[in-house]
């Protein structure tokens, strides 16, 4: 006769043992992480509603084009917080495929959206025509679909179509190595996003560089989190019972990094008025162009004469309200004498008469 297992402190006696970490007071990390994940999920949903509300508040059309990709990004963040519960619950035939498939797919969605945003900012900061919202969204979805194909292929080959318990049956070192190898494409996306964001700082329209900083700093913190959990997961000296704790902590930490260092700063920029320093080249035709000031019709004959005589512009006097022809080298100027009437031949007529 088997004795029933006693429920840990804080859990009901009839609760399945797979869910004991959600309420076990002795293992407080499960309760702490599920609380942070739940709060993060609620905050993400609130951000999604706020994003829909801000659509009519965004005055800059170039910022409005990013809203569909940012909404997709929030869906990925919501999935990251939700996936945390799959790592708090013990590994079995249901949580195993969920972990291996969704971990890479959700992060691929997030980093693909950041990479598409960085590509659009590179054009804007250089004054070029920005990408349309459909192109930005297509880039984000296209980059993330690669990880979907990789994850599906791995699951089909590993489970042999029907064996869903294979992940719990694998040795822990082998399972961790496969898990990390499955995420190589996500690591490439993350590093590519980080280095691409540096190109946003090379441009004349400085108003867009703030958005590039949000992407750069978010990618940097994400890389630090990923390096930490990968190293901890692959160290053989650590007790394998902490694997789920390490992965669930990485999920919660990265989810809050996405919210705190990308979403919230971007939301602060959305309702702001359009600044002249943010104008791309497509608005250049609205700006007045400087024209060369001209004081008359140029005569190439006189211009050529000035060149042949070797006259300098410093010797030219400009007199306002005068004609185009100005006095040059005024020290050698001379006056033309007035015309005088010739003497009449009859002035000496009377004198000639007296002589005769």
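The backbone N, Cα and C atoms fix where each Cβ goes, and this holds for glycine too.
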Q.
Labelled transmembrane segment by Swiss-Prot, one stretch among 14-34, 245-265. Can you tell me which?
A. 245-265
Q: Would you confirm whether, in Swiss-Prot, residue 63 and residue 204 belong to the same side of the membrane?
A: yes
Q) Which range, 179-199, 284-304, does Swiss-Prot list as transmembrane segment? A) 179-199
Q | Range among 132-152, 153-173 that Swiss-Prot annotates as transmembrane segment | A | 132-152
Q.
Let me check one thing: do the transmembrane segment (215-235) and the transmembrane segment (36-56) come into contact, meaning three or more Cβ pairs under 8 Å with sequence separation of at least 6?
A. no
Q: Could you tell me how many residues in the topological domain 'Extracellular' (1-35) are helical, how many are strand and how many are coil under DSSP?
A: 14 helix, 0 strand, 21 coil
Q: Output, ordered by sequence, the same-chain residues six or more apart from residue 160 (N-linked glycosylation site) with a CB under 8 Å from its CB, or 'none'.
A: 166
Q | Highest-contact recorded stretch vs the transmembrane segment (69-89), from 36-56, 102-122, 132-152, 179-199, 245-265, CB pairs under 8 Å | A | 102-122
**Q.** Secondary structure tally of the topological domain 'Cytoplasmic' (123-131) (DSSP, helix then strand then coil)
**A.** 3 helix, 0 strand, 6 coil
